[in-house]
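Read the structure below first, then the notes.
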Amino acid sequence: MSLEVTAGKTPSAARLRKQSWYQRPRFKRLVAMVVTAVVMAQVTGVQGVRNDLFYALEENFTGTGIWIWLGIFLAIWAVREFFQDWARQALARVKAAAAPLPEDGTAKAAPGGLAGQVRRVADGGRRLSTLFRGHRAYQAGGLGALLLVLIMLPLMVSTFWQQVMVDQIGMFLLIAIGLNVVVGWAGMLDLGFIAFFAIGAYSAAFWTGGLPVEPPVELNNFLVVPIAVLTCLIAGVLLGAPTLRLRGDYLAIVTLGFHEIVYLTAKNWTEFTGGTRGANSDRFSLDLGFWSYEWGLDPAPYYWLQLAFIIGVLFLFLRLEHSRVGRAWTAIREDEVAAASTGVDTVRFKLLAFAIGASTSGIAGVIYASKLGFINSEMFLVLMSVLVLSYVVFGGMGSIPGVLLGTAILVWLPEYLRDTVDAQDRYMYLGGLLVVMMIYRPQGLWPSRRRQRELRMSQEGTGSADALGAQPGGAQG
Amino acid sequence: MSTNLDKDALPQPGDAATDGPTPLLELRDLHVYYGAIEALKGVSLTVPHGQVVALLGANGAGKSTTLKAASGMLRPRTGDVLLRGERVDGIKSHELVRFGIGHVPEGRRVFARMTILENLKMGAYRLRRPDPTDLERVFTLFPVLAERRKQIAGTLSGGEQQMLAIGRALMGKPDLLLLDEPSMGLAPLIVQQIFEILREINEQGTTLLLVEQNASQALRLADYGYVLETGAVVMSDQADALLSDPRVRAAYLGEAVE
Ligand SMILES: Nc1ncnc2c1ncn2[C@@H]1O[C@H](COP(=O)(O)OP(=O)(O)O)[C@@H](O)[C@H]1O
Ligand SMILES: [Mg+2]
């Protein structure tokens with residue numbers, strides 16, 4: 001055989017260098033815009049009828065709706081692609097006009113016209129923001145106003161939305177805040193997180209006497225909360241201890257298995273849990289002797305109760321993030337061996353993350369069970385774990401405001417779509433949104449600075465974007 | 001290793017280094033296993049206060065294993081690790097940090113996605129109240145780090161990362177610094193620079209146990225040296241004596257045996 005044959009063909013460098021038209025970013029963005037327009041036409045148009053699916057497609061894609069949407073999105077694309085320089089210059093001009101005047105008074109008179117207007121508005125904004133930053137009183141005032149809005153919120157919406165806010169948004173917010181500790185801060189991928197939610201819910205049912213078995217003493221739900229927290233702490237450590245050496249995909253499989261164990265126990269141990277037929281749970285009540293109150297069917301009081309729990313948890317967690325504990329989690333996420341060599345007890349902090357996350361989920365379980373007054377095993381499907389994980393990733397792993405925002409939006413969206421699209425299609429649009437988000441904004445809606453940095457480094461080839469699968473540690477030679 | 005090193009070079013009881021007051025670190029007859037593989041077959045060595053001790057050996061000789069046993073990352077099956085005369089083997093590495101052992105691991109292992117400053121602050125993690133002068137000290141020793149304190153560690157060059165790894169260990173105020181091949185993969189000029197800084201660190205009062213393949217650099221810095229081969233100490237002597245020993249020169253400095 002000749003050498004030429006064994007060496008094979010060497011592709012020409014010129015051919016490899018050439019970038020086809022369909023590989024250009026500009027074209028990719030065009031496709032994304034067209035797809036968005038089509039989806040919007042479908043979302044806002046006629047919905048499919050069970051026995052005539054093509055009727056809706058025909059109606060939506062031959063009418064004027066599709067053209068309006070295509071027009072809007074193609075215009076956005078065109079502006080971005082062809083008028084970018086122009087837009088950038090305009091933005092720069094506005095920025096220059098809005099820039100603060102030099103202190104030395106070289107430009108005493110504010111320019112007239114539009115530029116002057118812009119500057120006056122910008123100056124006002126700056127004064128407001130320094131005022132706000134400088135004084136604790138104003139900060140407290142801002143927070144107070146936000147709190148007031150949150151408290152008034154249920155009074156401004158219909159009962160349907162009140163139910164959604166309590167049964168879905170509030171509940172998922174608590175769970176997502178907990179999962180963020182495990183996934184976002186400590187970097188451990190947990191796919192069985194709902195197991196702890198279930199443990200919390202069954203604790204509530206057990207201690208209020210709702211399960212087929214009698215508890216040693218029947219307790220008020222307010223007392224069940226600390227017990228459920230403790231139970232979930234223990235369960236978190238039980239899951240954490242044998243999985244300490246695992247990370248990334250291996251850990252995900254183990255947590256999935258843990259969820260199945262808890263779920264199947266709830267489903268099949270009917271003498272204890274009531275299985276799929278379910279069990280009752282008591283409602284929250286408070287008896288202070290001189291004053292007593294029972295939370296009833298009205299969702300608004302439950303909303304306020306839940307809000308109090310969420311604010312309490314947030315208050316604790318916001319402190320945690322920048323404490324020694326938070327720094328230890330970050331170090332573990334980066335490199336366990338290096339973390340240990342700087343004095344971080346990796347075992348303890350990983351267990352702590354599991355335990356803290358689990359107990360938050362447990363609180364959510366108690367509130368959920370008591371709000372519905374009824375639970376069964378089918379409420380704790382593994383799908384829920386996946387959903388919560390997607391909320392956390394969507395909002396921005398490791399960022400509390402991001403997680404809150406992401407959860408609120410993703411839980412709200414299917415409920416909102418209930419009025420506009422076919423009920424069984426709702427989660428399809430949710431899926432589409434997640435796909436688009438991960439392609440165009442993988443760091444999430446409101447990412448933490450650290451996560452943003454990780455993604456940037458992975459694009460430059462100097463680091464890994466995989467927040468969950470860093471080196472397992474130990475093996476080095 | 002193809003050279004035959006004589007058994008008479010083994011450290012004898014009453015060697016120069018083992019005399020006198022209690023040494024800072026002493027390893028006695030360490031046997032360390034990875035599963036069934038015996039990586040250390042009875043290693044003994046002594047690191048006196050304030051000195052620089054070099055640990056030389058080819059790839060796979062067991063140098064890193066020795067350091068890991070000393071810093072608590074590995075637990076020896078038998079044998080003692082003594083710190084200031086007290087047994088510390090079996091204590092976990094994160095606890096041992098509090099006893100004043102700083103380990104600069106092989107391959108640097110900086111926190112790649114943290115900034116230089118965050119890395120250094122992590123180094124002071126064991127201290128309840130970090131001392132701001134420690135940071136100044138590190139920045140004086142490594143001016144490169146001071147200039148770039150906001151830079152992400154993963155984007156630093158190899159030499160800068162090594163400096164950061166050493167600086168991070170110094171932030172924990174160690175009495176004894178264990179260094180695993182600080183010259184690995186670095187240009188000669190940078191190696192020179194790092195060794196000069198190591199000398200300065202030692203002169204400021206930190207004891208060093210230095211694992212190296214770069215024998216000439218290491219022995220010129222060190223007071224005393226040990227040569228490791230397949231998990232056992234085969235030679236030990238004053239550093240200048242080792243440096244002029246023909247067997248060491250042949251094996252580690254690439255010189256032909258005359
Ligand atoms: N994690 C491990 N598992 C199994 N064998 C190991 C491990 N680490 C090191 N070894 C073996 O132990 C011996 C000593 O390794 P090491 O201490 O890393 O050598 P050196 O640092 O001198 O190059 C080598 O034979 C190596 O293959
Ligand atoms: Mg080594």
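Cβ atoms here come from the backbone N, Cα and C positions, even for glycine.
What you are looking at is a predicted structure, and each value in this text was computed from that prediction instead of being measured.
Features as listed in TrEMBL:
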REGION    A:451-477  region 'Disordered'
TRANSMEM  A:27-46  transmembrane segment
TRANSMEM  A:66-83  transmembrane segment
TRANSMEM  A:137-157  transmembrane segment
TRANSMEM  A:169-186  transmembrane segment
TRANSMEM  A:222-241  transmembrane segment
TRANSMEM  A:302-320  transmembrane segment
TRANSMEM  A:351-369  transmembrane segment
TRANSMEM  A:381-414  transmembrane segment
TRANSMEM  A:426-446  transmembrane segment
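The recorded stretches the transmembrane segment (A:426-446) and the transmembrane segment (A:137-157) do not share 3+ CB pairs below 8 A when only pairs 6 or more apart in sequence are counted, and are therefore not in contact.
For the transmembrane segment (A:66-83), the list of distant contacts is 26, 29-30, 33-34, 36-38, 40-41, 44-45, 60: same-chain residues at least six beyond its ends, Cβ to Cβ under 8 Å.
Most Cβ pairs within less than 8 Å of the transmembrane segment (A:351-369), among stretches A:137-157, A:169-186, A:302-320, A:381-414, belong to A:169-186. Ranked by Cβ pairs under 8 Å to the transmembrane segment (A:302-320), the stretches A:27-46, A:137-157, A:222-241 are led by A:137-157.
Sequence-distant contacts of the transmembrane segment (A:137-157) (same chain, at least 6 residues past either end, Cβ-Cβ under 8 Å): 131, 165, 299-300, 303-304, 307, 311. For the transmembrane segment (A:381-414), the most Cβ-contacting stretch among A:27-46, A:169-186, A:222-241 is A:169-186 (pairs under 8 Å). Listed by sequence, the residues of this chain that lie at least six past the ends of the transmembrane segment (A:222-241) yet keep a Cβ under 8 A from its Cβ atoms are 192, 195-196, 199-200, 203-204, 207-208, 254-255, 258, 284, 286, 350-351, 353-359, 361-363, 365-366.
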